[in-house]
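Below you'll find the structure, written out as structure tokens, and then a few comments.
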Ligand code: NCD
């Protein structure tokens, strides 16, 4: 691949709205008829470079590439690679560029996938970098919203939980603002509110109204899409703060009884103690479907970044 023309996905802004729409639409087509694409990436190799734990992101990427007829290599524990010997990201990625056609990287340090993209001669996808960005979760979320709500724009969206460290929130809220969402409800403990810089961008660049709330109960009746998140234990500086905040929110049937009948509850997963099991059977709880849809939108993304023709 020509280094100059390679596309990476490091943050959602790397794609225009038209491109996001294109990936979401293709993801929907792939969900509806996956067998049509079973040879689309025959002979291609995806590398999964996971320096931080993952279940859905890594496995859905691997499943996506396998469903496209390609192959996978990679590590899910950097200690089993030469990283444990002190190898730099730059050197690792230069070599992986010779072994694979495309790579997804998750890293605890913000900016690591961006750095990797400077040294790569293959497309690099950010699979989550610290508390920063998680663009492929955003694609998954956009497809989920499209499937359940028909349009991505025009809904009353609330984010609940760890808005400070939650990278899925940071990526999705900016993207929904780009889709012209003009108001968000932010439900979090005082210590875990959305970072000030992000709030400023939303207000000044996108003219968005931010309504802050402390309890789900106070606002649930207004919400169309409730995006729940886990308190990000691994990003806390001390365990005592985590212990104090970890059970701040639990969505259950009793709270849901005050919600709209067509509200949807999303969650990037894993849940820890934010959604009671009694919500799982409620048609409004769409988080497992959301995780499933992640495979198809990642199939669409892989074909886009590889420049594979899927016009079948
Ligand atoms: C999220 C992540 O890793 O940021 N999980 C995911 O990719 N689906 C959310 C989380 O870990 O809380």
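Each residue's number is its place along the chain shown, starting with 1.
In case you wondered, yes, glycine gets a Cβ from its N, Cα and C as well.
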Report task. Among 106, 235, 244, find me the residue TrEMBL lists at the same carbamoyl phosphate site as 56, 57, 134, 137, 269, 270. Result -> 106
Query - Extent of the L-aspartate binding site in Å [max Cα distance among 85, 167, 230] - result: 33
Report task. Whole number in angstrom, please: the longest C-alpha to C-alpha distance across 56, 57, 106, 134, 137, 269, 270 for carbamoyl phosphate. Result -> 16
Query raised in the report: Near residue 230 (L-aspartate binding site), which binding-site residues out of 57, 106, 269, 270 have their CA within 10 Å?
Result: 269, 270
Report task. Could you tell me which of the binding-site residues 56, 57, 85, 134, 230, 269 have their C-beta within a distance under 6 angstroms of some atom of ligand 1? Result -> 56, 57, 134, 230, 269
Query raised in the report: What is the three-state DSSP composition of the domain 'Aspartate/ornithine carbamoyltransferase carbamoyl-P binding' (7-146), stated as helix, strand and coil residue counts?
Result: 73 helix, 25 strand, 42 coil
